[in-house]
Amino acid sequence: MNPNQKIITIGSVSLTIATICFLMQIAILVTTVTLHFKQYECSSPPNNQVMPCEPIIIERNITEIVYLTNTTIDKEICPKLVEYRNWSKPQCKITGFAPFSKDNSIRLSAGGGIWVTREPYVSCDPGKCYQFALGQGTTLDNKHSNDTIHDRTPYRTLLMNELGVPFHLGTRQVCIAWSSSSCHDGKAWLHVCVTGYDKNATASFIYDGRLVDSIGSWSKNILRTQESECVCINGTCTVVMTDGSASERADTKILFIEEGKIVHISPLSGSAQHVEECSCYPRYPGVRCVCRDNWKGSNRPVVDINVKDYSIVSSYVCSGLVGDTPRKNDRSSSSYCRNPNNEKGNHGVKGWAFDDGNDVWMGRTISEESRSGYETFKVIGGWSTPNSKLQINRQVIVDSDNRSGYSGIFSVEGKSCINRCFYVELIRGREQETRVWWTSNSIVVFCGTSGTYGTGSWPDGADINLMPI
């Protein structure tokens, strides 16, 4: 090949390569511009938050002798949509309850640095569960813990930790409160916090860390709320509040709250005579609560809340095996669904139950007179048949030789169904244990299971003789 032919050949090859490079550059430019201007927005229904999600484009140009360009494009992945919870899945079918969590707060307090608390409860956001309690403004190994048997002081605050984490000195104090309720609507936490004088208390409504609304005492007699989780459906949260006598007629109202703002208040209606300390759960499309009648009944009141039209219906759990303490023995006790049974109705304890078709699952103290022991069981026909007493699937949670206390329900949404869980307050100290001057608690938590399970007892477990006085 002569020199002229070599020059022509090299020129032809170079021109071909240059043309290919030019076409590749145009293709890369078109791709880059298309990706840059393409809209990436995580759209959602009108009630949901709109979260823009623009792609991040990073170009790395690596130049070779042949002028080829490699471009790497990294695209941001849109975050999950933040939506209101609607709790529309069915309730899980269960055979009983399995152990879930225990915080051992009193045993750990022997080493110091753990809050004095009472009125604990559990509630979950879409990803994690938390335990709450009303602190007494002191740790147990502190002389301020003396006389903490009292319910209402200006030093009490609502504490919040991940479930299973005892309330140590680094615990967040959510608000000032001697009565409270909390729930997550899918976007943020709502806390209802009651504090102030008995005759003129204030309930503060804190949403997403900000005070949004408040309401003052309407009957001037210890405004109080659930001491367990409230429930939110499609952005509307419901909380049951009572103001008035603890042993006669009181004034109960159901508040409807949207992002911390009170949007409606409904009076209690129906046949329930006295309603306090409700344990509520989502029963789509509404909310259902099982409460404490501190006046006339040892059978528990039921409050059904319609979130759409704000209507309220109330009655009583039909099961003749009643859930409150004190109560008559099971042979003598009764309940006929509509009215209080007038059996040892004065006084009581916070508790829970939930419907399962025509049946009812429930928990109660083993003792008929005191807050000792704890058991759960199912009553066939207990939700629909007056005075039904056929008990199955009984479990002992705390044996009768150990103390219990308040108990309540919380709900956890799974992939295909909504599970019901409960906690039991394990009270220690005064009045029963007079060696010490404080009153506090730990908790144990169980959740519904469709599997098999064994037996046991899960008391507080602290040796009172090893505890600070």
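Glycine residues also receive a Cβ, built from the backbone N, Cα and C atoms like all the rest.
Averaged across the topological domain 'Intravirion' (1-9), pLDDT for the predicted model comes to 60. As annotated by Swiss-Prot, topological domain 'Intravirion' applies to 1-9, with the evidence given as sequence analysis.
Annotated region 'Involved in apical transport and lipid raft association' per Swiss-Prot: 11-33, in sequence order, evidence recorded as sequence analysis.
Taken from Swiss-Prot, the feature topological domain 'Virion surface' applies to 31-469.
Its Cβ placed at the centre, Cys417 (disulfide bond) has 15 other Cβ atoms within 10 Å. Annotation note: Cys417 (disulfide bond) sits in a coil segment as assigned by DSSP. Annotation source Swiss-Prot lists disulfide bond at Cys92-Cys417 (among others), citing sequence analysis.
DSSP assigns Cys129 (disulfide bond) to a strand segment in the three-state reduction. The number of other CB atoms found within 10 A of the CB of Cys129 (disulfide bond), across every protein chain shown, is 18. According to Swiss-Prot, the disulfide bond annotation covers Cys124-Cys129 (among others).
All protein chains included, Cys230 (disulfide bond) registers 26 other Cβ atoms within 10 Å of its own Cβ. Annotation comment: Swiss-Prot describes Cys183-Cys230 (among others) as disulfide bond, evidence class sequence analysis.
Listed in sequence order, the residues of the same chain lying 6 or more apart from Cys232 (disulfide bond) and placing their CB within less than 8 Å of its CB are Tyr84, Arg85, Cys183, His184, Asp185, Gly186, Leu190, Thr238. Per Swiss-Prot, disulfide bond is recorded for Cys232-Cys237 (among others), and the stated evidence type is sequence analysis.
Annotation comment: Swiss-Prot describes Cys278-Cys291 (among others) as disulfide bond, evidence class sequence analysis. Secondary structure from DSSP puts Cys291 (disulfide bond) in a beta strand.
Sequence annotations record features per position, and here Swiss-Prot assigns disulfide bond to Cys280-Cys289 (among others). In sequence order, Gln226, Val240, Cys278, Ser279, Cys280, Tyr281, Val302, Val303, Asp304, Ile305 constitute the residues six or more apart from Cys289 (disulfide bond) in its chain with CB-CB distances below 8 Å.
DSSP gives Cys318 (disulfide bond) a coil state; it is part of no helix or strand. The disulfide bond annotation in Swiss-Prot covers Cys318-Cys337 (among others) and is backed by sequence analysis.
Per Swiss-Prot, disulfide bond is recorded for Cys421-Cys447 (among others), and the stated evidence type is sequence analysis. Long-range neighbours of Cys421 (disulfide bond) (same chain, six or more residues apart, CB within less than 8 Å of its CB): Phe97, Phe100, Val122, Ile409, Phe410, Ser411, Val412, Val445, Phe446, Cys447, Gly448.
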Exercise. Rank the disulfide-bonded residues Cys124, Cys278 by the number of other Cβ atoms within 10 Å of each Cβ, and give the residue at the low end.
Key: Cys124
Quiz item: Near Cys291 (disulfide bond), how many other Cβ atoms are within 10 Å of its Cβ?
Solution: 31
Quiz item: Around Cys280 (disulfide bond), how many other C-beta atoms are within 10 angstroms of its C-beta?
Solution: 29
Quiz item: C-alpha of Cys124 (disulfide bond) to C-alpha of Cys92 (disulfide bond): distance in Å?
Solution: 17
Quiz prompt | Integer Cα-Cα distance in angstrom, Cys318 (disulfide bond) to Cys129 (disulfide bond) | solution = 31
Quiz item: In sequence order, which same-chain residues at least six apart have a C-beta under 8 angstroms from Cys237 (disulfide bond)?
Solution: Cys183, Asp185, Leu190, Cys230, Val231, Phe256, Ile257, Glu258
Exercise. Please work out which residue of Cys92, Cys183, Cys318, Cys337, Cys447 has the most C-beta neighbours within 10 angstroms of its C-beta, and give that one of the disulfide-bonded residues.
Key: Cys183
